[in-house]
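Enquirer: Mind having a look at this structure? Questions to follow.
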Amino acid sequence: MPARTGAQYLEKLKKDRREIYLDGERIEDITVHPQLKGGAESIAHLYDLQYLHPEVMLTENENGEKVGTAFMFPKSKDDLWKLHKATKLWSEASAGIMGRSPDYLNITFACYASRTDVWDKYGESEKGKNLENYFKYIRDNDLCLTHCIVNPQVDRSVPEAQQGEGDLALHKVGETEDSIIVSGARMLGTLAPFADEMTIYPSRAGQGIRPEDSKYALMFAVPMDHPGMMLLNRDSFSKQRDLFDYPLSSRFDEQDAIVIFDNCHIPKDRVFIDGNTELYRAVTAEVNWGAYIVFQAMTRALTKLEFLFGIGHMIADMNGVNAFDHIKEKLGEIWQYKELTRTAIVSAIEGAQDNGVNGVLIPDGRPLQALRGLMPKWIPRSIELIQLIGGGGFLCTPSKKDMQGHLRPFIDKYYQARNKSALEKIKVNRLAWDFIGSDLAGRGELYERFYLIDSFRVTMDTYTNADKEVEMALVKKFLDQMVLEEEAVANGK
Ligand SMILES: Cc1cc2nc3c(=O)[nH]c(=O)nc-3n(C[C@H](O)[C@H](O)[C@H](O)COP(=O)(O)OP(=O)(O)OC[C@H]3O[C@@H](n4cnc5c(N)ncnc54)[C@H](O)[C@@H]3O)c2cc1C
């Protein structure tokens with residue numbers, strides 16, 4: 001089957017009988033649930049965009065079928081540009097709010113499938129083959145995945161095996177001829193109500209796994225309605241209000257869920273790691289996943305920064321506050337974050353290198369890694385700057401019903417801006433509030449701080465993994481010039 005349309009995506013979702021709960025209720029049909037249908041329709045729209053922009057959004061598999069660009073193995077810089085443009089198009093559909101649009105995990109699994117040599121290296125060729133087959137399955141059926149790669153917060157100061165006497169973190173509890181049996185929980189499946197498949201794979205924390213903890217070393221995938229798997233959503237931030245009132249919350253709540261496995265049988269052909277702690281560590285460290293996924297993530301972040309700069313400028317201009325130097329400086333600061341992000345993406349493409357295995361091109365990880373540590377600071381800072389620019393205007397926002405009521409002549413008079421009608425100004429302020437202040441906006445800010453682990457650990461890794469030779473050589477050149485006479489004599493100079 002070639003790339004899906006939105007209607008095909010919704011049709012499959014409608015038939016699905018996953019065990020998923022929201023506010024105490026088991027959801028029977030996600031596509032009609034008042035708090036979830038907005039999100040489902042937004043994902044469907046992304047699939048429709050594939051056919052509106054086929055030159056960017058589609059590529060071909062080895063059978064000549066049209067499949068999503070995010071599934072490609074990029075082999076040239078042109079391919080990486082195409083991947084970037086495809087991500088950009090999808091991210092613009094929600095102004096960057098839907099961080100886990102299907103391309104996020106499609107790219108992740110394309111990356112894994114392009115490096116099954118790592119599975120060979122650790123003696124797991126059969127599971128590497130499972131992974132390759134799974135990748136072809138999701139690519140050729142154009143599936144949307146969610147992932148839960150973090151064990152629940154219980155006691156972060158001790159290893160996973162010590163959480164609730166080893167019983168809480170996801171782990172293997174048994175095996176049959178055809179399946180492994182798992183129990184335990186994981187967080188935090190963004191997109192869980194809207195995805196076709198649940199995936200489990202190692203996170204950065206997995207690098208600390210101990211050989212004796214092999215039952216926690218798991219990587220697998222199952223359909224969302226797989227028996228023995230339950231999902232518990234957080235509160236919905238989807239406003240059941242008119243699009244005029246909440247232009248973003250009414251459509252773009254991608255949800256987040258805890259997944260609980262209760263003696264769940266995972267078919268062996270869907271298992272990619274089962275107990276091999278060395279491979280579990282290597283998957284994070286050796287397959288170039290970081291470069292690929294941060295390439296996708298920073299493209300989306302660029303869209304968010306563009307939106308923040310655009311809305312900030314619009315507010316400042318309509319309120320006349322961009323006449324003040326410190327407001328110009330605040331807007332300039334957001335512009336700088338945006339431009340540095342754009343430049344880092346260009347630099348990642350220009351510095352891309354062959355993976356040395358099968359000609360797949362890896363974006364240069366250095367500028368991306370730098371952004372990965374900085375973005376959790378830049379986006380919250382940009383949100384703060386918008387608040388400082390907009391002041392109380394975000395709360396001078398009559399609703400659609402107010403606008404249609406008898407107070408409208410007063411609203412038109414007292415809510416006007418220097419260069420905008422009251423209606424135009426209220427629209428800008430409502431849109432901005434839904435991006436920086438509503439409950440969906442609060443979740444979005446938390447997302448930026450944590451979805452790729454926190455800035456503290458990422459920045460620490462940046463230092464640890466940095467190639468320091470060029471910089472050391474520069475310093476050494478000067479140290480070598482600082483010679484005492486006795487040293488020169490001792491060195492025969
Ligand atoms: C909105 C949102 C969506 C998300 N979506 C997904 C998803 O789709 N899939 C998924 O798998 N995960 C998802 N996550 C989870 C995300 O991966 C985690 O939040 C992230 O890995 C951090 O883990 P944590 O939240 O458990 O925080 P913790 O690890 O508990 O960290 C909390 C604080 O403690 C500090 N800390 C914790 N451990 C250490 C340590 N060993 N050393 C030093 N400091 C430490 C951290 O620096 C941080 O400041 C999402 C998170 C959010 C907020």
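Note that Cβ sites are derived from N, Cα and C of the backbone, with glycine treated the same way.
Pasting the feature list from TrEMBL:
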type	residues	note
DOMAIN	5-273	domain 'HpaB/PvcC/4-BUDH N-terminal'
BINDING	HIS147, CYS148, ILE149, GLN153, VAL154, ASP155, ARG156, THR190, ASP454, SER455, PHE456, ARG457	FAD binding site
DOMAIN	284-480	domain 'HpaB/PvcC/4-BUDH C-terminal'
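I'm curious about the neighbourhood of these features; can you describe it?
Expert: According to its DSSP assignment, VAL154 (FAD binding site) is coil. The Cβ of VAL154 (FAD binding site) has 13 neighbouring Cβ atoms from other residues within 10 Å, across all protein chains displayed.
Regional average pLDDT for the domain 'HpaB/PvcC/4-BUDH C-terminal' (284-480) in the model is 96.
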Enquirer: Do you know which of the binding-site residues HIS147, ILE149, VAL154, ARG156, ASP454, PHE456 end up with C-beta under 6 Å from ligand 1?
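Expert: The qualifying binding-site residues are HIS147, ILE149, ARG156, ASP454, PHE456.
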Enquirer: In the structure shown, with every protein chain counted, which of the binding-site residues HIS147, ILE149, ARG156 has the densest set of Cβ atoms within 10 angstroms of its Cβ?
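Expert: When each Cβ's neighbours within 10 Å are tallied, HIS147 tops the list.
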Enquirer: Within 10 angstroms of the C-beta of PHE456 (FAD binding site), what count of other C-beta atoms is obtained when all protein chains are considered?
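Expert: Counting Cβ neighbours of PHE456 (FAD binding site) within 10 Å gives 10.
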